[in-house]
Amino acid sequence: MLVGVPKEIKNHEYRVGLTPAAVKEFVTHGHKVLVETNAGTAIGFTDEMYVEAGATIAATAEQIFAEAEMIVKVKEPQPQECKQLRRGQTLYTYLHLAPDPTQTELLIESGATCIAYETVTDARGGLPLLAPMSEVAGRMSVQAGAHYLEKAHGGSGTLLGGVPGVAPGKVLVIGGGVVGTQAAKMALGLGADVTILDRSLPRLRQLDDIFNGQVKTVYSTVDAIDHYSANADLVVGAVLIPGAAAPKLLNEQHIANMKKGSVIVDVAIDQGGCFATSKATTHQDPVYIVDGVVHYCVANMPGGVARTSTMALNNATLPFGLALANKGPKQAMMEDIHLLNGLNVHEGKVTYKAVVEALGDQLGIQYTPALDALA
Ligand SMILES: NC(=O)C1=CN([C@@H]2O[C@H](COP(=O)(O)OP(=O)(O)OC[C@H]3O[C@@H](n4cnc5c(N)ncnc54)[C@H](O)[C@@H]3O)[C@@H](O)[C@H]2O)C=CC1
Ligand SMILES: CC(=O)C(=O)O
Ligand SMILES: [Mg+2]
């Protein structure tokens, strides 16, 4: 198979779909890889390293979209990329379609086979291609929060760890999955006072074990959100209903009730955000203020630490990517239900239920089960 890796074009996105090491794996399995010039240069993966791994360098993204049978990316395709996709071509990347009607329409129009990293599953009920970026974003969320709590960055001037004689800052993590756990680890490491809300009791039990009682675990009710958000210095939004638009857990009144200079980091912004006042921001302009509360809503947080993130992402995407190339996309998905769960759009049909639930009325689209679409 001819695999194509275009350079990412989203704002300050320096990750790349394949590392040179991953290219070498594809080439070893008999595939050809076309990498856009300078796709990885910003994070130390030079064209020379790709050539040494067996890739051919393409001068433009247009060449890659025109020639490749499978496009491997990181971020959801931007409109100019969607317009270059075509029937018979496979797109393997993050999509986050539920909050994104424009991209959904363009992918339907393209006729391409679009596999979303974030909905591929594993046997334990996890999301193995989302997990590494969730680990990164979870850890970063507390770094970002601590930064914006500084007075010069718009915050209240609170040090999360406190000092001897002064109480630590309060961190509220809503959603105790992968992002939430890593956020809690970092916050605890800084010495903060950490509370995690989740609506899954089994998950709260696991968290209590993982943290050996060092964080407070609280069942997520409206009352708990009212109470803990009003007292928090930093709130991390880390909920997920896979593939669906994020539920809005803090409304405008909650934000108004928070302390001035407190910070919210809405990691769930890529699924539309879990705070009513959130709107997506970029690494170039990451924050804005509503009612005195600093909002950090960067939709591609791992892009900020692109070298670590690219390597972590490739560790997870490589086995599925190789299966797609070795067997062909259709056969690979028919043989692996977890990869099939990644299929969101195929030949103009939307094959992921939560996307249709979010956008069906707006776009007039219907759900087609993945196996029916592939048949
Ligand atoms: N902004 C960014 O750059 C990035 C964003 N993300 C996003 O972060 C979000 C979280 O991802 P993961 O931690 O991997 O998901 P996860 O599935 O591991 O965890 C989500 C948790 O939210 C809980 N939850 C669901 N509804 C809830 C509610 N109403 N109240 C409290 N808890 C609730 C679930 O029980 C689960 O424990 C996703 O939207 C993901 O796409 C992930 C990586 C990067
Ligand atoms: C998960 C995701 O959207 C990201 O890493 O940018
Ligand atoms: Mg994202």
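Backbone N, Cα and C define each Cβ position, glycine as well.
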Given that TrEMBL lists ASP198, ARG203, SER220, VAL239, LEU240, VAL267, ALA268, ILE269, ASP270, VAL298, ALA299, ASN300, MET301 as binding NAD(+), which residue among SER110, SER134 does it place in the same site?
SER134
Of ARG15, LYS75, HIS96, ASP270, which is closest to SER134 (NAD(+) binding site) if I measure between C-alpha atoms? They're all recorded positions.
ASP270
In angstrom units, rounded to an integer, how far apart are the Cα atoms of LYS75 (substrate binding site) and VAL298 (NAD(+) binding site)?
13
Measure from each Cβ of the binding-site residues ARG15, LYS75, ILE269, ASN300 to the atoms of ligand 3 and list the residues where some distance is under 6 Å.
ASN300
All chains considered, the count of other Cβ atoms within 10 Å of the Cβ of LYS75 (substrate binding site) is 21
When you measure from each Cβ to the nearest atom of ligand 2, which of the recorded positions ARG203, ILE269, ASP270, ASN300 fall under 6 angstroms?
ASP270, ASN300
Quiz question: given the binding-site residues VAL239, VAL267, VAL298, which has the greatest number of C-beta atoms lying within 10 angstroms of its own C-beta?
VAL267
Which binding-site residues of ARG15, SER134, ARG203, VAL267, ILE269, ASN300 contact ligand 1 in the sense of C-beta under 6 Å?
SER134, ARG203, VAL267, ILE269, ASN300
